[in-house]
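Colleague: Below are the structure tokens for one structure; questions will follow.
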Amino acid sequence: MAATAAVPGAAAGRASKRGGGGSGGGGTQGAEEEPPPPLQAVLVADSFNRRFFPISKDQPRVLLPLANVALIDYTLEFLTATGVQETFVFCCWKAAQIKEHLQKSKWCHPTSPNVVRIITSELYRSLGDVLRDVDAKALVRSDFLLIYGDVISNINICRALEEHRLRRKLEKNVSVMTMVFKESSPSHPTRCHEDNVVMAVDSATNRVLHFQKTQGLRRFSFPLSLFQGSGDGVEIRYDLLDCHISICSPQVAQLFTDNFDYQTRDDFVRGILMNEEVLGNQIHLHVTTREYGARVSNLHMYSAVCADVIRRWVYPLTPEVNFTDSTTQSYTHSRHNIYRGPEVSLGHGSVLEENVLLGAGTVIGSNCSITNSVIGPNCHIGDNVVLDQAYLWQGVRVAAGAQIHQSLLCDRAEVKERVKLKPYCVLTSQVVVGPDITLPEGSVISLHPPDAEEDEDDGQFSDDSGADQEKEKVKLKGYNPAEVGLEGQGYLWKAEGVNSKEDEELRQSLWGLMIKTEEESETESEGSVDPEELDSRAGSPQLDDIRVFQNEVLGTLQRGREENISCENLVLEINSLKHAYNISLKEVMQVLTLVVLEFPLQQVDGLLDPNRYCALLLPLLKAWSPVLRNYIKRAADHLEALAAIEDFFLEHETLVTSMAKVLMAFYQLEILAEETILSWFSQRDTTDEGQQLRKNQQLQRFIQWLREAEEESSEDD
């Protein structure tokens, strides 16, 4: 709950701010134009999400090392190079660690041109809370930069700042924010899918007219009014990367205070655009083409940005520059982007192929192959080790014969002999794995038991919340050798059991992918869509289309039954709907399967028991089997249909005893093949609910019957 000392001039800023102050304001009357006030920045040193859990259980995201430099140091170097003279760093999670790091850094040295003031509170839950505190404390006196502490950039912000100030001068403070974006193709590695946006922008003024996140969308809709009466034209932009850098007027903090529903910048942007005609506020865009800016929002972005730093795309923020003035950051740079720190030892026959950073005091054994990797200080690598896109932090030990591919090993993690880490693995601090074990793709191992997270919910933003209790749990709960090896220390994290909407982000892995089975990931959104979820996605065109398509298919089948329409004509109608709503064949198959299974529920008021449900469904399956067979053809289609059937019965638990009869009907009608049913039943990488479903006695008897039938068929052959 600590705060900084009063900021010089803050009281004056509070007195004048409500009058629309800020650079370019109407305060000067007849006097000479004053030079712009010192540039300030608000740096948010918290992400307010758990995307980096369990890594960030040990240290805050802004202190995670990227190319052996803490993320926040890149951000502060960017702000200082931009000309920022005063930066307010707002901390919540692990605030003591951030404060200690900054106080030991050059940023808190008396000679620093950028005065860093640290403000901590356990009450911050969002960007909105931070900006409301900025307003309450009257910290900003003019236009300021708003940025997160995990942004890496070399953008010269001066031009954007001049444009912003000029607009506010000419248009009487109408423009409240200028967002900085970079031109970037949709397929570029540093485009984070979660941050992708499509915008409508005034061609002449760069005023943002429409702003929409595109994650998961296939079609975009724009109000027709955008294109009416715009003499200078409107540009639709999908070639932009969000740098997460915003130039804000002082009114921004006040607007967050006035609108408590604003929690994120996106909330703010949508609110301003929605109320532009009423309040008169506008948001503008500044686009850079050659400079660099990106936010490390997940480990996919961590990997991409780290590679860009090593490949010198963020010059002058390159490893050998040592912009932090640290004695351990003295690197030499050689061909193929090989960086070596002091006192590095490289064994006989070891090859550093390209894009490799070796931290100070690191020892590499003989006959190692290292490429596209970052190794922190004081690491020890044994003989015959392969590192490819590996990110090793401080003090990591890798024993002989290990192979690490596209994975992250945090401080003092240890990999024993002959361990293989497949892509997207994460070992958090002090984890030990091995020997002689292969970690599957996407494995996350931590010394913190996954179930300890439930106990943290009430105090998740406290630096020491639940620490003592968690240590006791570690003592009581042993490690699983099947997961971490005979000498391993750590727990395998899984996210399949997370169901609450508040914790939905925990279903996102550290790498920006989903931690779930392949079948689950391919069918997650194409089935029935919860209306509340639909509302929460702000009218997503893709979800709207799937929902409408599902209703249209239901109507088509109802009409087909009433009017005795042939299956051939039903297929033609469904295909026309498919093209009208731009639905993929996979989505058609999944929606059709669900609609058929749900059809009896739509026709009867009240609950159905399993016997009555089967009595209603089986004649429908027989009648519509040609339609289903038209879409369920390949083995992959069969598995998708089975996943949709599984989802249906997981959602309708009272009908689960009828599942065996339903699958028998699908089998006898030759919609599903016995080998794919057996393959589906034998899947191990499924949810706990899916495993429980497979324990149903009727289902197990049906599977046993199928296996015996398959064996008899094999004997006859």
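Glycine too: its Cβ is placed from the backbone N, Cα and C atoms.
Feature list, courtesy of Swiss-Prot:
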type: COMPBIAS; residues: 1-14; note: compositional bias 'Low complexity'
type: COMPBIAS; residues: 18-29; note: compositional bias 'Gly residues'
type: COMPBIAS; residues: 452-467; note: compositional bias 'Acidic residues'
type: COMPBIAS; residues: 519-533; note: compositional bias 'Acidic residues'
type: CROSSLNK; residues: K57; note: ubiquitin cross-link
type: CROSSLNK; residues: K99; note: ubiquitin cross-link
type: CROSSLNK; residues: K137; note: ubiquitin cross-link
type: CROSSLNK; residues: K213; note: ubiquitin cross-link
type: CROSSLNK; residues: K501; note: ubiquitin cross-link
type: DOMAIN; residues: 539-716; note: domain 'W2'
type: MOD_RES; residues: R18; note: omega-N-methylarginine
type: MOD_RES; residues: S23; note: phosphoserine
type: MOD_RES; residues: S126; note: phosphoserine
type: MOD_RES; residues: T318; note: phosphothreonine
type: MOD_RES; residues: S446; note: phosphoserine
type: MOD_RES; residues: S462; note: phosphoserine
type: MOD_RES; residues: S465; note: phosphoserine
type: MOD_RES; residues: S528; note: phosphoserine
type: MOD_RES; residues: S536; note: phosphoserine
type: MOD_RES; residues: S540; note: phosphoserine
type: MOD_RES; residues: S713; note: phosphoserine
type: REGION; residues: 1-37; note: region 'Disordered'
type: REGION; residues: 442-479; note: region 'Disordered'
type: REGION; residues: 517-538; note: region 'Disordered'
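Looking at the shown structure, can you explain where the listed features end up?
Modeller: There are 23 other Cβ atoms within 10 Å of the Cβ belonging to K57 (ubiquitin cross-link). Secondary structure at K57 (ubiquitin cross-link), as computed by DSSP, is helix.
When Cβ atoms from all protein chains are considered, those within 10 Å of K99 (ubiquitin cross-link) total 18, not counting its own.
When other Cβ atoms within 10 Å of the Cβ of K137 (ubiquitin cross-link) are tallied across all protein chains shown, the result is 18.
For the recorded site, K213 (ubiquitin cross-link), the DSSP three-state label reads strand.
For the domain 'W2' (539-716), the predicted model reports an average pLDDT of 84.
For S126 (phosphoserine), the Cβ neighbour count at a 10 Å cut-off comes to 18, with all displayed protein chains included.
According to DSSP, T318 (phosphothreonine) is assigned to coil rather than to any helix or strand. The Cβ of T318 (phosphothreonine) lies under 8 Å from the Cβ of V309, R312, H333, each on the same chain and at least six residues away in sequence.
DSSP assigns S446 (phosphoserine) to a strand segment in the three-state reduction. Neighbour density for S446 (phosphoserine): within 10 A of its CB lie 24 other CB atoms from the protein chains shown.
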Colleague: Name the one residue among K57, K99, S126, K137 whose Cα is closest in three-dimensional space to that of S446 (phosphoserine); these are the recorded positions.
Modeller: K57
Colleague: Any idea what the Cα distance is from K99 (ubiquitin cross-link) over to K137 (ubiquitin cross-link), rounded to a whole Å?
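Modeller: Here the two Cα atoms are 20 Å apart.
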Colleague: What three-state secondary structure does DSSP assign to S126 (phosphoserine)?
Modeller: coil
Colleague: Would you count the other C-beta atoms found within 10 angstroms of the C-beta of K213 (ubiquitin cross-link) for me?
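Modeller: Result for K213 (ubiquitin cross-link): 17 neighbouring Cβ atoms inside 10 Å.
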Colleague: Given the recorded positions S126, K137, K213, state which is nearest to K57 (ubiquitin cross-link) when distance is taken between Cα atoms.
Modeller: S126
Colleague: Tell me the Cα distance separating K137 (ubiquitin cross-link) from S126 (phosphoserine), rounded to the nearest angstrom.
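Modeller: Between the Cα atoms of S126 (phosphoserine) and K137 (ubiquitin cross-link), the distance comes to 17 Å.
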Colleague: Taking the Cα atoms as reference points, how far is K213 (ubiquitin cross-link) from K137 (ubiquitin cross-link) in Å?
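Modeller: Counting only the Cα atoms, the answer is 32 Å.
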